[in-house]
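Student: I'd like to ask some things about the structure below.
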């Protein structure tokens, strides 16, 4: 029996060597020059691979597994290869290696290269690649490394642009690796709008374009003749993150819809924490000069005037306008002054307590049916203390988030 067990652990040890973390195995690149292929500094890895490789994010059956997914920087033509130092053998180990290739093929469109030479010859044609659609906005950002200003452009595209459908198929594969709950959209639905960011760069005296990121927005119909665009996906590719492109894109998209009389306001689907921070910054930046947000009016509290003006002029919905008001009021409030800070705290907590109160009413209803009167009162007391703590915690967290937005605004 012991022999059997020790045999088992030896086998387990051996098999464990054939497990690879897929977030490390997958190597992504955006290639501009042939030398990028050899340069490890241009490689980046996924944040997530669970949608393709399961919750463990593990591929079994290989040692030293590398899943290479290299994209040409602009049109995203793809090189896909798998490399490994050894693979389990069915004959001897009685186990089968995961079919890594077919898992990747499920999410990347056909027509990719499998060898480097083909990929490099495609790279030479990249000079012909031009952004899709209509140019909305050009901006530049100073790059420390390059010691110069780099120019970026934001375009609005749609499926009627020649080649865009195929390009979008390649682009959306990045969602799987960087958005936790990503899914591909139905591109045949004409109510999707696509916004793309490109960087202009030079190669042998020519100007080329590299893909930086994108955003998809769905136009919901609102009776009788309006639409309510809803931001669905937004991704800035990792090599470009933290440079301010997300804010540029969101502001450009707001400005695009602002000019349309049929648009009611803009919302977002299931936004991530990072997106909320980004949106706070952009909306506060847009709103800070509106008359209704003057310091005097901020001190008088949240008003219908704010809701109306933000919606009509900037297409901002009521919920987001309330956050903008709280952030701008924080800026106008002297938190060192006991009276001012108390007034601010009460104002925000009154909004925060809304959901609690509703829950409280529901609980009270349930208890009336279930329990004697005196118990209910005791429970309510316990609830209230807990509620006060939670409320204070939520408030402190919110204020620290708001301060970060104001810091970024001060630097903008």
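Just so it is clear, glycine is given a Cβ too, placed from its N, Cα and C backbone atoms.
Pulled from TrEMBL, these are the listed features:
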DOMAIN    18-180  domain 'Histone acetyl transferase HAT1 N-terminal'
SITE      192  site 'Interaction with histone H4 N-terminus'
ACT_SITE  269  active site, proton donor/acceptor
DOMAIN    279-330  domain 'Histone acetyltransferase type B catalytic subunit C-terminal'
Student: Counting all other Cβ atoms within 10 Å across every protein chain shown, which of the recorded positions 192, 269 scores highest?
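Tutor: When each Cβ's neighbours within 10 Å are tallied, 192 leads.
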Student: If I take the alpha carbons of residue 269 (active site, proton donor/acceptor) and residue 192 (site 'Interaction with histone H4 N-terminus'), what is the distance between them in whole Å?
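Tutor: Just about 14 Å between their Cα atoms.
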Student: By DSSP assignment, list the helix, strand and coil residue numbers for the domain 'Histone acetyltransferase type B catalytic subunit C-terminal' (279-330), in that order.
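Tutor: DSSP composition of the domain 'Histone acetyltransferase type B catalytic subunit C-terminal' (279-330): 41 helix, 1 strand, 10 coil.
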